[in-house]
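K.L.:
When I checked TrEMBL for this same protein, it listed these features:
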- His54, His102, Asp186, His190: Mn(2+) binding site (BINDING)
- 31-110: domain 'Manganese/iron superoxide dismutase N-terminal' (DOMAIN)
- 117-219: domain 'Manganese/iron superoxide dismutase C-terminal' (DOMAIN)
Amino acid sequence: MFACSKKIASSLASSRTCMNVVNRSMSDKATLPKLPFGYKDLEPVISGEIMELHHSKHHAAYVTNYNVALEKLQEATAKNDANAIVTLGPALKFNGGGHINHSIFWTVLSKDGGKPSDDLLAAINRDFGSLDNLKTQLQTASNGVQGSGWGWLGINSQTKKLQVTTTANQDPLQATTGLIPLFGIDVWEHAYYLQYKNVRPSYTKAILDIVNWSEVSRRYSAAV
């Protein structure tokens, strides 16, 4: 086990990388989670080819690179090398965020996702007017991400209000905005290009048909 000094923690805070990482042992390396469905189970919305590449290549790469950075962090911390620790910030944020985001993403998709719970639906109606309005706002926000990133439905832990927002690249929602993630849309091109080409709006509309509302409702109940 090892910890940041206050000075190093302050230096890393701006990139959100001196999180719990530096208080964890190397036995807590990230691992690639198994999908809760088969690669082809979300067809025709997401092809089996995309799902296999997305999970076994892209997510796996984030896990590998995060663990490499984590090992280097342990070495740098043991040497009290502040410069090396700060330099590792971007790699930890990017790859750690990629792992966090994708680990959520797989759980909130389902061929038969059901409907929002009564409590979640009431909150959606309160904060967005209707489920259809929420879907429209989420799709619009996701389509508007410049380059790569994510569209999110999150909940403000203080006000308990639902919010639609976006994050750039692989920035994790809670670490960068404070919102607790309930549902996310990956709008990196690797998530849809083989099937939807450069027509992101077709993908963001279709993916809303495979929301695992049971899991989103569970996450909402845990957050309120």
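Heads up, the Cβ atoms here are built off N, Cα and C, so glycines get one too.
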K.L.:
Relative to the Cβ position of His190 (Mn(2+) binding site), how many further Cβ atoms are located within 10 Å?
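P.N.:
The Cβ of His190 (Mn(2+) binding site) has 14 Cβ neighbours within 10 Å.
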K.L.:
Can you break down the domain 'Manganese/iron superoxide dismutase N-terminal' (31-110) into helix, strand and coil residue counts using DSSP?
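P.N.:
Secondary-structure breakdown of the domain 'Manganese/iron superoxide dismutase N-terminal' (31-110): 56 helix, 1 strand, 23 coil.
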K.L.:
Near the Mn(2+) site, what residues other than His54, His102, Asp186, His190 in the same chain have a C-beta no further than 8 Å from the centroid of the listed C-beta atoms?
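P.N.:
Apart from the listed residues, the neighbours are His55, His58, His59, Phe105, Trp188, Ala191.
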K.L.:
What are the sequence-distant neighbours of His102 (Mn(2+) binding site), meaning same chain, six or more residues apart, C-beta distance under 8 angstroms?
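P.N.:
When sequence neighbours closer than 6 are ignored, His102 (Mn(2+) binding site) has His54, His55, His58, His59, Tyr62, Asp186 within Cβ distance under 8 Å.
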K.L.:
Give the mean pLDDT for the domain 'Manganese/iron superoxide dismutase N-terminal' (31-110) on the 0 to 100 scale.
P.N.:
97
